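*Asks:* My questions will all concern the structure given below.
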Amino acid sequence: MDSKSFNYATNPYTYLGIWFNKVPKLTPLWSANGESPVMDPASPELAIAGDGNLVILDQATRSVIWSTHANTTTNDTVAVLQNNGNLVLRSSSNSSTVFWQSFDYPTDTFFAGAKIGWDKVTGLNRRLVSRKNLIDQAPGLYTGEIQKNGVGHLVWNSTVEIESTGLWNGQYFSSAPEMIGNTVSITTFEYVNNDKEVYFTWNLQDETAIVLSQLGVDGQGMVSLWIDKDWVVMYKQPVLQCDAYATCGPFTVCDEGENEGPICNCMKGFSVSSPRDWELGDRRDGCTRNTPLHCGRSRNTDKFYAPQNVMLPQDAMKMQAATSDEDDCSRACLGNCSCTGYSYGEGGCSVWHGKLTNVKKQQPDGNGETLYLRLAAKEVPGVPRKNSRIFRFGAAIIGASAAAVAALMILGLMMTWRRKGKLFTRTVGDAQVGIGITTFRYVDLQHATKNFSEKLGGGSFGSVFKGYLSDSLALAVKRLDGANQGEKQFRAEVSSVGIIQHINLVKLIGFCCQGDQRLLVYEYMPNHSLDAHLFKVGSDTVLEWNLRYQIAIGVARGLAYLHTGCRDCIIHCDIKPENILLDASFVPKIADFGMAKVLGREFSDAITTMRGTIGYLAPEWISGEAVTSKVDVYSYGSVLFEIVSGRRNSSQEYSKDGDYSAFFPVQVARKLLSGDIGSLVDASLHGNVNLEEVERVCKVACWCIQDSEFDRPTMTEVVQFLEGVSELHMPPVPRLLDAITGGATNTKIYSMLSVEGSPTSV
């Protein structure tokens, strides 16, 4: 990181700030004088004052613009910017004596290693505060803090509590399970609550990663990772910006755009209050009325405009006792000069006084309602008064005739669509919402998959079909076989699987639980499964070795996360190339994880019907022993062999006339000793491989398929071995392979080995 004053070209103010030194895109992380900006960039001086405090001085007047205000006991102090981004004022002779640090006074960025919470002894409250706008470092409207009871809160304008995290359960805050989503593979969390302090902090597992955790100007919290010269959002809450409290300000409608994100629009009859602040992201003032209301001058001069399909504002006042119908509701609003709008529906009459906030545009077929917005008559030209009984009577006659015609037209359309087999009652909701999963109706998925016409594949648990949302977003729909759980249990298990997110796991978008139908909706992988690239005969494209090696590491990381990174250890039980999918960049993603939770008892029945001991099943499956995560390790080792050879381990060419001496894992054991590793590699690669990596993969594979689960490494160790962090001993040949080949050849191999049953590095 680097420390200096940052100055945007359009910003007349100058600040002392901190930002990433290795990120070319200027990203302010902390500012000292957000509330006291320097007006003349040539005038400030950063210095140690006579009392030992770090100060910003006006060179001309020598007045103090900003100070650390630390209770220093000496003027022998020095300011140091540490590598973690913490600006520290300490004793120059004793580095452990710290008088002040920026980590105790965060702005909008949550640094790795910093604390958010209370010092119960001194009363210091470390909390995040959003910025005023994109360039003004003054405090904004949103604060994120841990209260003394240990519960986190997001607060708007110091008055409205927007969200609560719930209590810490040991891994995450109870109301925020999405914390263990995409970022868990690179971050660790810590929560402390004792007599002296209560705080939450996080740290990086990979010190080379550049991670930004910020509370945005719009009230949206984001965690981003610097990848390929830009910030990539890994986590955000709320997921949709329109769900952030008052994100567009009063008298606005927030519309979550499909491609360019949310759009804030003024309501009819209103204009942007401060165009400059609006463009910079500060929309606290929202929009103001173009024409004042005429309340008190004439009861007939204010009218109502009806924005439809919106989520109504909060803080409504119910008027059920005073109103019997919609006309009464309208009159009740017109009779009060502070009333700005009303709504009438199944819940009766609701009226709003003062500013209207949090109005959100809904889909036409969603759960939107109609808001009657009060405007001056001139803002609603040509519209009869909403509370006119004559108008309502005439509208009823005309409406009845129109309704009859419309009903006939709709009936005809429905008959036509039914004949085509395409009855589709609503648009499938946007499933690209990041955290969380969506509930789909069966008819929606029928339409999205064209009645399940394009089959992608099938397996032990059901068939997979390709589909589309809104003709753009491709998805994969798995129709489960034998999922006989009750709806409540199925939904609970699917939800628990849905929060499991990792870059090497296929993302669960949603599910359907309707009648006896059980379907899972996943992100679509354009490069299909690994087996299609390894075993496809006559293919013009060959999976290069560097991609194969990265796939091996990626799958290992995904399994390690399932085994140790989740709240409960998740055993996949069916690792094979068909369940390793590849995205557009050939990043591997494990499919079908968590099926034991989703299917319950039927999962065990499906597993027991699997065939092939010389495949991917560990010996304990055959012996009937209790299985652990080491069965996945065994299956993974079998997949590694196939990644190297480009052929099935169970290929018939390995077992001609009952002779299994050519069985590929046996060949690997031999070649590891003789050093002829190159002959093991897929011939289609034409020798374009890294032999050191090939040897490493072969050693790991042999360790993974050891007979005893206790001799196999964990998947975390496998990742370390493949990344070259740890070195491996030469593996022994498993007894099962020895038995398959008659034992003659392998006895010699055993005698040549100096290793005894452990893959641990030397």
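From the backbone N, Cα and C atoms, a Cβ is placed for every residue, glycine too.
These figures come from a predicted structure and were not determined experimentally.
In case it's useful when we look at the structure, here is the feature table from TrEMBL:
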DOMAIN    1-102  domain 'Bulb-type lectin'
DOMAIN    295-376  domain 'Apple'
TRANSMEM  393-417  transmembrane segment
DOMAIN    450-722  domain 'Protein kinase'
BINDING   Lys478  ATP binding site
*Asks:* On the DSSP side of things, how many residues of the domain 'Apple' (295-376) fall into helix, strand and coil, could you say?
*Replies:* 12 helix, 30 strand, 40 coil
*Asks:* What count of other C-beta atoms do you get within 10 angstroms of the C-beta of Lys478 (ATP binding site), across all chains shown?
*Replies:* 25
*Asks:* Please spell out the DSSP helix, strand and coil residue counts for the domain 'Bulb-type lectin' (1-102).
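*Replies:* The counts are 1 helix, 44 strand, 57 coil.
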